[in-house]
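For reference, the structure discussed in these notes is given below.
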């Protein structure tokens, strides 16, 4: 046996630890945490190398998944009549039912229907800078610390919302700028109803603003439409529906929205 294979030799002679499999399983389970920590903490050249390695891993994984999905797709449903005769390229797809093509066309059709279903009244809105969105709050004994921010726009918080302790609250959402209801207009019925807001679905400015519940022009919100008496095709009452804010709530002092139907 070569000299550099002493570990394999020792395993063959004495075997492994009794808890080897358990230790190996736990190490593999911790691998995700280690990768996440490296992604957050690495700096400089090591971070670049790590990002490059992760990018190549993700690309290879995507290729494997795509190849696996393509292998599942069936080929022509009926075999060719004469196997021995070679057909030219322009005759290969004639009189054959390819499931992959049907699947691709159905996916495209569904995407078009989805885009048409959720077309919004305001497709584009003005961008808002962080200086306009947040106000710096000075804290500390001598007012030298400036890690706190106060949102200057109207926000929505849920029913069970509780503020964090003052010394740990980084972003302040003032109680005076919180909204619970919106003036929602139904485009087909032509009526405007004062409906309670259920949540913020999407803020076009940033995902962080969506998480904070900031209400700006163009934001998609979910409202309670049970008062309108809308019913589905199956006869069930519609509870929540999406609406888009069409005004500037911080200027008008109220939220006006159009229901997406």
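Including glycine, each Cβ sits where the backbone N, Cα and C put it.
Within the set 1-38, 115-152, the record from Swiss-Prot flags 1-38 under the feature region 'Disordered'.
Swiss-Prot assigns the feature motif 'Nuclear localization signal 2' to one of the listed ranges (43-50, 51-58), namely 51-58. When the motif 'Nuclear localization signal 1' (15-22) is classified with DSSP, helix, strand and coil residues number 3 helix, 0 strand, 5 coil. With DSSP states grouped into helix (H, G, I), strand (E, B) and coil, the motif 'Nuclear localization signal 2' (51-58) comes out at 8 helix, 0 strand, 0 coil.
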